[in-house]
Amino acid sequence: MNIFRLAGDMTHLASVLVLLLKIHTIKSCAGVSLKTQELYALVFACRYLDIFTNYVSLYNTTMKLIFLGSSFSIVWYMRYHKVVRRSYDKDQDTFRHYFLVLPCLLLALLINEKFTLKEVMWTFSLYLEAVAILPQLVLLQRTRNIDNLTGQYVFLLGAYRGLYILNWIYRYFTEPHFVHWITWISGLVQTLLYADFFYYYFQSWKNNKKLHLPA
């Protein structure tokens, strides 16, 4: 554990809390992609297969339970809550997210560190997480009307991955034999997907204007 890893985890946790705050307080999921939330639920379900068999620390297990529970609860709210689901913009959230799942799974079967079920599923979760934000970014481009909480949610998600890259750089120079190409490349791809959003987010913040993404 180092300051970059901790900051990354806390930023990731903050992104989830911001989204849950919007859903619970405003009873709205407007501007939020259900497709992205379903992909994240799949990411965490595959990544944490060892949650009850491989104990690392109380902190580690707690974070796993939080991300698993929150991701599936968000999907439930958006699909089944009688008030929240009415605000879901199904007509705009049309990204065919299942087209992302199969290529990521095939890639995980071909390129992994060890060909076991747990390792393949872990690698699959890395590949899928790298592109899971795509439906959300497409939805924001289509609606163009981005409220503050949704913008903050996406910003915090991107910041979390950026902090993790700093964590990997720090560990590379401080820990011997710390080389994980699959994790690094997946994380870099994921961060690059946020580049356009970050640009317009900082422009709106600098000019004190509402966030809009170009169509």
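Cβ coordinates come from backbone N, Cα and C, glycine included.
Bear in mind that TrEMBL entries carry predicted annotations, made automatically and left uncurated.
Straight from TrEMBL, the features:
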SIGNAL    1-31  signal peptide
TRANSMEM  55-77  transmembrane segment
TRANSMEM  98-115  transmembrane segment
TRANSMEM  121-140  transmembrane segment
TRANSMEM  152-170  transmembrane segment
TRANSMEM  182-202  transmembrane segment
For the signal peptide (1-31), could you work out the same-chain residues 6 or more beyond its ends whose Cβ comes under 8 Å from its Cβ atoms? 63, 66-67, 70-71, 73-74, 77-78, 81, 83-85, 87-89, 139-140, 143, 145-147, 149-150, 152-154, 156-157, 159-161, 163-164, 166-167, 170-171, 174
Could you name the stretch, out of 55-77, 121-140, 152-170, 182-202, with the greatest number of CB pairs under 8 A to the transmembrane segment (98-115)? 121-140
For the transmembrane segment (121-140), what are the same-chain contacts with Cβ under 8 Å, counting residues 6+ beyond its ends? 31-33, 35-36, 39-40, 42-44, 46-47, 49, 89, 92-93, 95, 97, 100-101, 104-105, 107-108, 111-113, 146, 150, 154, 157-158, 182-183, 186-187, 189-190, 193-194, 196-197, 213
